[in-house]
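> Structure in structure tokens, see below.
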Amino acid sequence: MPDAKASSLLRILVAAGGIYTAQSLVGGLTFMGIPAVLRADNVALDKISLVSLVMLVWALKFLWAPTLERLRILPNGRRRSRGIMVCGEVITAALLVALGFTGAASFTMIIALLLLLAVASATIDIACDAFIIEQLAQDSRGPGNVAQVGGGYLGLIFGSGLFVTTVALHGWLAACILLACLVILMSLPMLLTREAPVAPIAMASMPSLVDAFQRVDIRTGLVLAVVFEMSGRLTQSLTGPFLVDAGVPLSLLGMLNGLGGVTAGICGAALGGWIVHRRGPVKAVFSIAAAHVIALCSVALIVALGIRHLPLLVTLFMIETAVMAAGFVAIYARLMGLVSPSQPGVDFTLFQSASAIAAALFGTGGGLLAHQAGYAASFVMSAALSMLTPPLLIILERRLTKGTAA
């Protein structure tokens, strides 16, 4: 007889993994799939760049997280997470079908539908993050974060590669309907998974952003999220342009960004989950931060020395991708330990929004630095930030320890 607890854990992981994959599908479609198809239809680059504005929805989702938490949490300990997610996925599928009937020629309608898809997707994310936090014991959150990050990488394949290929072979409408069917299919495990009640909590107030910002652990966690990710985010968007300038053919780069990047990301997520399970979230964060120092310093050294040995470059960037994925698992597990039981969706959404805003700011900064001073300057700065990360993490963890003791 299989262990009931293990069986329940597996069901939760499969259900949450399906939801995270579906949400990543929307992200891959928005930022990779649709821009590629629009460019193939000779849409101007300045118009295509407007698609990036959709990212603001994910960065600002903390604004409606308190309202969603009030709807999701019932006083008797029951939750509406599953219902919110399933309804959200049905809306997502309907919007994808509408996108299919819109056609690639109507740019304004495409942007409008992508914005609606982003709102639906970000809302589902809030509910799914809260679901993982509440349904998994703290020592099981590592596997939960693997499902979260691994599903994120897997969904990119569907939203980018599969969408573009289907458009080329069968047209825009068929591609959008295929994605809608995949979203429904990936939502079925959540529909069939029971959401166990949570022990009722005496709530002094309704879920709110004010309550979150009043707590030292949340304010410190926001800084922790930014500090941990800043070095990798600085040069993440430069990898593709650098490899192109280094002589990597576009066909090979497409494979590296697609299958290679996803494989490295999933393997890194699995490794991160194993480290979290073995060492706990705090030690895992420090271990992966140390690995990040080695990876980014190696990349910076190769770039600064002008070495253009393609197999070596590709290997180093794949390793960096895997380390970043492992880092996401570890830092998410750590941040989940800081949320309040009375409003987990609000607190964790704040952390994710901080991460998204940091990604945009550091990514822009890295691009500007590379434009002004060259690739080497950006990669060396990234390596320097990675070396600053461990001591800053020590300071932040000490502050968290003092806050908990107080």
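Cβ atoms here come from the backbone N, Cα and C positions, even for glycine.
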> When you get a sec, could you say which of 145-165, 229-249 is annotated transmembrane segment by TrEMBL?
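Going through 145-165, 229-249 one by one, TrEMBL gives transmembrane segment for 145-165.
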> May I ask whether the transmembrane segment (12-38) has at least three C-beta pairs under 8 Å with the transmembrane segment (345-369), counting pairs 6 or more apart in sequence?
no
> Which listed stretch (44-64, 84-104, 171-192, 250-272, 313-333) has the most C-beta pairs under 8 A with the transmembrane segment (12-38)?
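Most Cβ pairs under 8 Å with the transmembrane segment (12-38) come from 171-192.
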> Tally Cβ pairs under 8 Å between the transmembrane segment (145-165) and each listed stretch (84-104, 110-133, 313-333), then give the stretch with the top tally.
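Of the candidates 84-104, 110-133, 313-333, 313-333 scores highest.
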> Give me the stretch from 44-64, 84-104, 171-192, 250-272, 284-307 with the greatest number of Cβ pairs under 8 Å to the transmembrane segment (110-133).
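Between the candidates 44-64, 84-104, 171-192, 250-272, 284-307, the best contact partner of the transmembrane segment (110-133) is 84-104.
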> Same-chain Cβ contacts of the transmembrane segment (171-192) under 8 Å, 6 or more residues past its ends?
11, 14-19, 21-22, 25, 29, 37, 82, 85-86, 89-90, 92-94, 96-97, 99-101, 103-104, 158-159, 162-164
